[in-house]
């Protein structure tokens, strides 16, 4: 198989000696820790809906509001093309990519839990400032604080979940982050739909309610245990052993605890984890985990649809309420897809989900492009039947993304890095993800205006490239203990030349 690589009990690890039971303590830790995804998700869902609301546009972007009103009966690819408007969305992600490097230091030195608490405080402040905004400057300041919160949360939460989870169910547990992200998107869309008719301050309620998940995450975070990996990394061995026994539900954790100590000893020899990422033996983690997967996750084009679903549907001739309802349907598909992925990803594996969904994503984007090329543009209005077809195709697309690149884009990188570069590696993951998220957010409406339906063909081509990338370069990581993933590279047809045993 092109993916290559498998390990077992005789490959040099102690994984076959690990024991665990699912305990209430473990369930509580993972559920509270995963709330970090709701911050990211709520913002993804709320920003696109707010930017399509007339009251918001009239107060902050009057030129766009007048353009929209002048062409109210007209469908137009370029109706919302404004770099200042897209800066409202993308400024958060520029902020997140910068803050994640500070988050890396905090996560490594102070622990995953402390980063989660810092992220919730910053996100709360950003939500309050956005809700009270009276000018664009306040909006941007609020978005920057939201971005800092997301930078800390996205840095710490996937690591927290992966380190707390037993290897055999790590995929499902880590995807709690994606599930809460999707639930945040879904709730945000319903909030937007509900407040759209509250004039003139409904948009303030949408933005302000972002404070709710931040409060929940902070309150729960006060009672969270630190991960055993982080405690051992900080030299708190007795406490680390105690937490490991509690989350595994058994005192028989000697094999796993010894692996944590060995990984920690290796980590302490690394003075600069970011520089260590560039070493030859870490080439697979750098290329796949830190750069390839987080970049490709955004280049699927899905977040463009999530950001701007209401704007896209309005541009295609849907009414304001209909566009918000359509975007709520697509976010519902995300939740359903994540539940499917959680149920089966540890059975069928990561590669199978990546490859199967890749073919679906390509077909969906080609179908959208053909439909728009034939039925839309140059003054044409979309019929009700064509509109329904577009919503269905986008629903299928989101369903495929939501069980593959959406959750696996966070799960797989969190599995790949050894302890000595894990925090630095996750910072690179968040940074690259946010660079491409911001770039897509800033450029999508302009690209839609100039490329028209061709933008969907471009995304289809990119998905073909990333599916090939997975097929040839990514080994299967399901049920492999996180401290033994390095053995996969030594057995992989391509990466073994970089990762020969020392």
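Heads up, the Cβ atoms here are built off N, Cα and C, so glycines get one too.
Automatic prediction, not curation, is the source of TrEMBL annotations.
Per TrEMBL, the stretch carrying the note transmembrane segment among 173-195, 242-264 is 173-195. Looking at 84-107, 114-134, 201-224, 386-406, the range that has the most CB pairs within less than 8 A of the transmembrane segment (427-447) turns out to be 84-107. Across the domain 'Major facilitator superfamily (MFS) profile' (29-478), the model assigns an average pLDDT of 85. Segment contact holds for the transmembrane segment (386-406) and the transmembrane segment (173-195), given three or more CB pairs below 8 angstroms at sequence separation of 6 or more. Against the transmembrane segment (201-224), stretch 114-134 shows more Cβ pairs under 8 Å than any other of 22-42, 114-134, 173-195, 352-374, 453-474.
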